[in-house]
């Protein structure tokens, strides 16, 4: 027999019914048969559709975690631009595994680390961490990614990968918002994970992923004061590690990143959903390359500023994104000037503004 349960919800009243459909072959030829099981919530106990959705969200998160577990990463770094100005974690790649410190960045998709043949890559870091270089020839499980690889062709659609007809090698070139850049080629190798199952049991597992091997870096990436080994992109495109692990059925396609907001920094990074009832969710703008939010207004001292709503609208080259790889909050001039003026007028006249490079 095949059993299928279907739930029907009346959004206006909160009433629901369940219908159990039994399909199969019976000796008396009476199948399929439909049994209707109904339970109506009393009128005095109406449930809003939003409550049902919220309850299902929590249930869905628990199902995802119980099915595949969650992967936990330790987080270092702080928000303070005068100390570090970035958050980073450690990943283990290759066989035998080597450890790399990588910046957590929701504004890009790809995981890449400095390669042994890198030009312009810093050799030391002011963050008091040991920098490493990935050498594909020293990993017994590493392999180059060819242009014919399906993963490379998926990256072509989002400019996360490129192809050289001469070498038949899948490559990349990235330019970041601060003017820095990197280029290199893709490698397929093992990522080593600590998976937490059912809240306590920890298992060591591996997954083959595709990541970048950086052969050239420019701009701030070449500076040693805050150097790390690479960037861990958590974007939503197919080349991101979170998408790759999800396509293999190893982790759910969701991550949770908690930034500890004090001078000590740190936080939590989890591949999986943290089920916490006090989390407030804000919907993302669909069909955008980044994690766009609908910014609606800005208030100072409880007073909403007079800002043209068009300053917050989203289009192909405009909008408000959440980006862990950006230290500061940036605003368009139409929103920035009213905000600064409101702050200036509300603070004591003894407070002196400080100008740095015209800002």
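Cβ coordinates are placed from backbone N, Cα and C, and glycine is handled just like the others.
Annotation source TrEMBL lists domain 'Peptidase A1' at 87-359. What TrEMBL records for 105, 323 is active site.
If you take every residue in the domain 'Peptidase A1' (87-359) and average the pLDDT, you get 90. Distance between Cα atoms for residue 323 (active site) and residue 105 (active site): 7 Å, as a whole number.
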